[in-house]
Structures are given as structure tokens and as C-alpha cells.
Amino acid sequence: MPVLGLDNITGRIMRAGEGRILRRLQRIAAQVNSLEEEFKALTDEELQALTPEFTRRHADGESLDDLLPEAFATMREAARRTLGMRHFDVQLMGGAALHFGNIAEMQTGEGKTLVGTLPVYLNALTGKGVHLVTVNDYLAERDAEWMGRAYRFLGLTVGVIKSQSTPAERRAQYACDITYGTNTEFGFDYLRDNMAWSQDELVQRGHHFAIVDEADSILIDEARTPLIISGPADQPTQWYGAFAKLVTRMRGVRVQEEQFVTPADKDRLAHLRTTHDYEYDPKKRTVAILDRGVEYLQDQLGIESLYESEHTSLIGHLNNALKAKEHFRKDKDYVVVDGEVLIVDEHTGRILAGRRYNEGLHQAIEAKEAEEGTEAGVTVRNENQTLATITLQNFFRLYEKLAGMTGTAMTEAAEFHQIYQLNVVPIPSNRPMIRRDDPDQIYRTEEAKYAAILADIAERHETGQPILVGTTSVEKSELLSGLLRKQGIRHEVLNAKNHQREAQIVAQAGRRGAVTVATNMAGRGTDIMLGGNPEAMALAALPEDATPEDREAVLDRVGRAAAAEHEEVKELGGLYVLGTERHESRRIDNQLRGRSGRQGDPGASRFYLSLGDDLMRLFRAQVVERVMSMANVPDDVPIENKMVTRAIASAQSQLEQQHFESRKDVLKFDEVLNRQRTLIYAERRRVLAGEDLREQVRHFMDDTIEAYIRQETGEGFPEEWDLERLWGAFRQLYPVGITIEDLEDSVGGRPDLTVDDLVAAVTEDVHDRYARREAELGADALRDLERLVVLSVLDRKWREHLYEMDYLRDGIGLRWTLGREPIVEYEREGFDMFGAMTEAIKEESVGYVFNLDATGREGEGSALDRRPTDGLHFSAPTLDTAEGVVEGRFTTAPAGEPAEHDKAPPHRPGKSRNRRRRKR
């Protein structure tokens, strides 16, 4: 009997509960339906008066679950009156599923945007704010304006966070009952709030309830890489160019586990490793330097050992240069426009404007392009240092309640449950799906595959049937576009290079005779409607200064024409979706297919594959090749073979599992940092709230004095202690009043002196000096100074700690070679480093409290003069990028000129604990 994995068991349990959940949702829909006629009879004023009534009832103790039927009936009627749209029963079910904190899987075209209004209205009654999370600014603005008509009719306020919003605008939008925005904007505002220097700078007001649209894209695909706010780092750029040049002369061997299974294969691999400089795995997207490569680099760089501590940073440059060489291809992973390397989102094909890979990877790609010289003007830009970071998993887990909507969630149900404790509820479609999904056609060569694709497109185009062709990269979309031009077939191309026309192209993709070649359609956000999208087409036809009357007239005319064309296209078979190869994820394939057959319309789909496709090359294409050879299949004849289909499904399953493991790894490591971040951010909020820090600063003094003393007196007899050096350190910390002689006299001489005597005497002295400081400045002035000091020191030390943790994370994988578990080592060392950081915060805070003047400044260039929100970059995930994170520009309100360097008072002699630890 086969043993089931945890994911399979979890999946079975969840599927077993689906029927029970759906029956509950159907009962709720029936309750709402029973109220429909009663609510239809209400006047506008009576309907609008229900919102304050519901709010009062909830404040009096009635639960949201109890209010649900009436609130849903209210929103349904409001939507009918303001939007001309009535929620279907399945939409009521979807809304209830969201309210109960689930992922609602609803097919494309089922009206997910309208579904969201139900739980949003209900949960907004608490007054705590509801966040609607979308994949881009366009959808956030569109949905806030569109659905906002119903919310405002019922007396709720609606805000939208845009990438260019100022802090003041953001604060106003978050104060609304309902706030729309992208996942990155919500996440970055959380991080920026935890870099604020006063409560007036805070923009968010908590994390009560969030509904995530396109939940699989945001919660799954983007979860492998964290959000990061970074600032300039002191990193010399010459090494990027040097290593880009060096790796061009190095030979790599392609290594994949399944290629080296037998003993003979392993012997061959061992030999290959002696004749090559490095190895790389395109499936795992990893690189590893080999002995021969180490010797070559040491010779070229003129160093004895690449692995000496002073050369550690060179290993990072080497790894990035090799990754740039082997794993990042122009016009697939990135494009070069006007001398700038721009990342292409793997799943949507969009250019991620202003975004950059982090940790030196982007610079390595720039150096590669500059070295190859194929693109003029590419230069290596400066690297950035992490100032604040959080993964999307941990950000969304901040919410008291979380829900999501998507058309494709069941394939990731186990991950949603394991990472977010969210169940996936498949909501039935309002009309049955009648799209026909034809079997894959598999060819031996890419040439034969493209010939078949062109023939299929030409035949269907001749009839007028609209065709959507899905490709996996910019490169492939432009290749196919060139072939179509040669055939004389008019078409549109939607990829990263012309994303500005995206909405217009998608709006026309369902029209008669339309041929649209697009990179992955995940998260496009605009339905492909048969006959065209009348709203989008009307918008394109109107001038900017059109009057409302003009808009209504054009919309009416375009709507009637689109309705007639809709029926015509239905007769032709609806939208035909043609996939030019399988994606790494079955979910993305399903999203492409889901563009056809919306709301019961006819449609068809088919994928064309070849043995040269990326997915087939990664996973044992030789098995498929053998099958085709045995069957004597000519190049231009496709096969439909169960074994081949299983091999493709297995390849996708392996990659999905690999990405899942990668996301779990990210979460494991971030959990360590998350515990530390929670403590630091809670401390910041306490300081910002204006809590009296007097007792805390006194504790800082006590701990610092004791640490100084125990470090100096840890060995030897009292006569051997170097008290002169200890007192020198004290004098740099605070104006010492007690002398060594006074102390010795008080105990009868040096031999009788104990550590406890030292601690008690110096602690009493520092408390006395602190009281004098308070009398000199005044209590209020000292409290303000303490608040400024603690915030400044905490922020700077946290930034340094993040740098140290990045450094630790980069090298922790080497612990495998010592037989240690990397995550355990990372947690242990990270705990030690956090302890060292907190000690340093205490030490420096005490020094600043005693050594700064009453204004909190030591002169220009002081550490306290520096504002952490000046000149920052933000870093956000692409949709499932394989390496690193990406950075982008962020502009804030001006807050003074940043200082060149942070200065701390010169406390005890010797290196800081963090630096000592790291170089030990």
C-alpha cells in the first residue's frame, strides 16, 4: 500500500470538508435571498440608514456573523442601485467564504471584484479598517473607483494607496473604512512606519482584515523573496567588472541529479569536475566553484586563499558573476533599454520598472552586459544595504483575519493551509464551463512545433475566431511575432517591451479576427470578453475632455456593437487559447486556459510542446526522445502519449515542490529574524508613544557598567586588574566622579576589592551623575533627549544587525560541509548576534545621554542628525523570481540632509562585539 505524503493527506482531509463548507455557504445564500424583496422595498434613505444601525448593533455586542445576512442583503441592493449589478447566489457564497477567512477559488469571469464588496462592507462595520490587496496600481484605482460607488452610497469612506502617494496622502487613505492598494505598498508602509521618528509620521492604523485578490500570485509566487528597504552601501564596484571578465574564461559543467544516477555516471561526473572550473544546475539555479576554478582565481587575483576571512566578499562577487552568466538570459529574465538592465516578471511578462535584484546580483548582470558589449551604455550601479525587511508571509500573518480570491488555488491548497492556515473553498460557477481543453501536441523539434502552431493560427484566423497565444518569455513572443509577420497575419504583441498598451490590447483580444501574442497572462486583471470589452474600448475612443453625456453616448454605441459581435464570436467557437509551451507551474497553465470560456461562453485550448522546450530540457527529455524514436515518429508528426504526458506532469510537480520548499526555507530563515523584528518594532512603538524612558535608561546604565567591569575583571586577582584602562573606558561613557583610590580606600585596599564592590560603587556614581544631568537640563528636556537617543541608536544598530544577518545568511549554507543544519546554526548565531546588538544599544544610548548637548546634536554629521527615510530604495519580489529580491526607488517627504557617516561616542576600547564575533 503506497504511503501518502503530508500534502496528500492534507489535501484529502480538505477535500472531504468541502461539501460541508459549501452546504453552509448555500444556507447563508438562502438567508440573504429571503431578505431580498424586503430590502428592495426600502428607500435610498432607509437603506443608507442601515449602516449606522449595524455599527451600533456590533458595538453593543452583536457579532459580524449574526449581522452577515442583513449586511450582505444591504450591499446586494446597494450594488444593484449604484452599479447596475446584482450578486448571484454563488457570489453570495464566495463573499461568505471570504468573511470566514478562506481562499475562494472562483473561475475567471465570475465577478470576483463584486464578490469582495460583501465581506468588505460587513467587516468595515467594525471601524478598524479593511484592506483590499491587488497586484498593481491600475487595478487598485479601478476597483476603488468602481466598487467605491456602492460603498460611498452606504456611507463608508474609500481610500486608495498609490505608489506616488505622499505620507500625508497615505495617512488619509488608511484612515478610510476601506483602503485599496498593492501588496508591496501595504508592506512598505508597514516597514516605513517602523522607521518613523514620531507618531505624526505613522500612516497605518493596524492590520484588522485583508482580502487578497489574485491570492496565488501574491501569497505563493511572490512569497519566495522579501520586501526590503535599503540605503546606499559602501561597496566598491570594480569587483563586478573584474569578475564578469574572469568568469568568461572559466568553463562550467552542467549538473543535474537525474543525469548522474548510475555508478558509471557518477564516475563521469567526478572526472568532469576535475576538468572544469565550476558546476551549475539550471533546474535549481545554483552554481558551485570547483577546485580547478579556485586555483585559477587565486592565481588571477594574486591571493593565497580565496577562503581567508579578508577575501570572503569575493566569494559573493564570484557566485553572482556565475549566476549572471549561466542563469540569467537577456530578453527572457531581463531586457536592456537605453543602457538600463530591467527585470522581466517571470509570470506576467511585465517590466518591473525601477526594480533591481538585491545583494549584488543586479550589478553582476550589468557587469556581464558591459563586458559583452552588445548593449551600449550599460554601467554598473552602486549596491544597497538592507535597512528594514519582511517576507510577505510574515507581513500577511500580521492581520487578525486574512482571506483571498483567485481562479487557481486548489493546486496550492496544501501550501495555503500550511503557511497561512487558510483553507481553499472552490465556489461553483454561475454557469457551467463548456470550454474544450484539447490534448497536448508534442513534437520532436521546435521548428516542427512552430510550423504546426502557425498552421493552426492561420486556419482559425481565416474563420475569424479570436486567438490568444501564450508564450513564456519576451524572447519567445518576439520570435513568434516575427513568424506571424512573415505569414502576413496581423496581430498584437503583449510583453514587457510594450506593457503600456496592456489594457487596450487585452480589451480587444476577444474581438473577431483578433490574434494576440502574450507573455504569461497571470494577474492581468482585465477580462477578455468575446466581442471586446465595451468599457475599455469606449475609454480608448473618448478624448480626455469628453463630457459625461459624451461618455454615456459612446459607451451605449460601443456596448451595442460589442454585444452583436459577442454573439458572432460565440458562433465561431469563442476564444481559442494556444499555449506554445508548458510553464513550470500547472497553475500558470490553468490561468492561461482560464482566459477562455468565461461565464459559460464557448472556447477551446491546446498546448503545443517540443523536446527543445525549457521544461523538457530540464527534466529527462531523453526519455521522451526515446519513446518518439521507438515509435519512428517523424519530426513534423505530433504524438499524444500517456507516458510523455506523465513525464511533463511529473516535471511540473517536481518544480512546484521545489519552489514550495524554497518558500518554506525563506520562511524558516525569516522566522528567526521575525522574532527579533517583533521585539525591536514593539520597542520602537513604545518609545514613539512617549513612554517615560527614565527607568529604562537607568537599567541601560546598570547593565553597561556591569558588562564593562565583568569584561575587565574576568581573569586574575584584584591586583592584576587593569583598573586604569577600565576607568578610561568609563570616562568615555560618562563624567566619572569616583576615583580608583576612593574605591580602594573604601574597602581597605586593592586585595580586598571584589567585582560586586566595583559594580555597586560605579553604579551609584553613574546614578548620581545622571541625577545631576537631569537637574542641569530639566526633566522634560532630558526625556526628549532620551527618546531621540534611543530611537537613533536602536535604528542604527538594527541596520547594522540586518547587515550582519545578511552576511550570516549568505555563508550559512557552508555549514552542511561540517555536518550541521544551516537553519539551526543560523538561529543559534543570530540569537548571539541579537544579544550583542541589544548590549550595544544600551552602551551607546548611555554614552549619548551623557555626551550630547540638550538639542540632541554633536554638531553637523552626528548620528542623531541622520533620518532613516532619506535616499532609500525599496525592494519587492517579482512574481516568483528565482534569485534574490529586487530593489526600486522610493521618494519620501524631505527630512533634512542625511549625514555622511553615523558617529557614536568613542566608548570602550577595542572592536564592537558584533564585529569581533563575525571575524572570529
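Easy rule for this one: first residue shown is 1, then count along the chain.
Placed from the backbone N, Cα and C atoms, the Cβ positions cover glycine too.
Residues or ranges marked as ATP binding site by Swiss-Prot: Gln91, Gly109, Glu110, Gly111, Lys112, Thr113, Asp527. The compositional bias 'Basic and acidic residues' annotation in Swiss-Prot covers 859-870. Here Swiss-Prot flags 906-920 as compositional bias 'Basic residues'. The region 'Disordered' annotation in Swiss-Prot covers 859-920.
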Query - Among Gly109, Gly111, the most crowded of the binding-site residues [Cβ within 10 Å] - result: Gly109
**Report entry** Cβ-Cβ neighbours of Asp527 (ATP binding site) (radius 10 Å)
**Finding:** 18
Query - Cβ-centroid neighbours of ATP site Gln91, Gly109, Glu110, Gly111, Lys112, Thr113, Asp527, 8 Å, sequence order - result: Met106, Thr108, Leu114, Val115
Report summary line: Within 10 angstroms of the C-beta of Lys112 (ATP binding site), the count of other C-beta atoms across all shown chains comes to 22
Query - Gln91, Thr113 as binding-site residues, winner by CB count within 10 A - result: Gln91
Query raised in the report: Looking only at Gln91, Gly109, Glu110, Gly111, Lys112, Thr113, Asp527, the residues listed as binding ATP, what is the longest Cα to Cα distance in Å?
Result: 17
Query raised in the report: What three-state class does DSSP give Gly109 (ATP binding site)?
Result: coil
Report task. Starting from the Cβ of Glu110 (ATP binding site), draw a 10 Å sphere and report how many other Cβ atoms land inside it. Result -> 24
Report summary line: In three-state DSSP terms, Gln91 (ATP binding site) is classed as helix
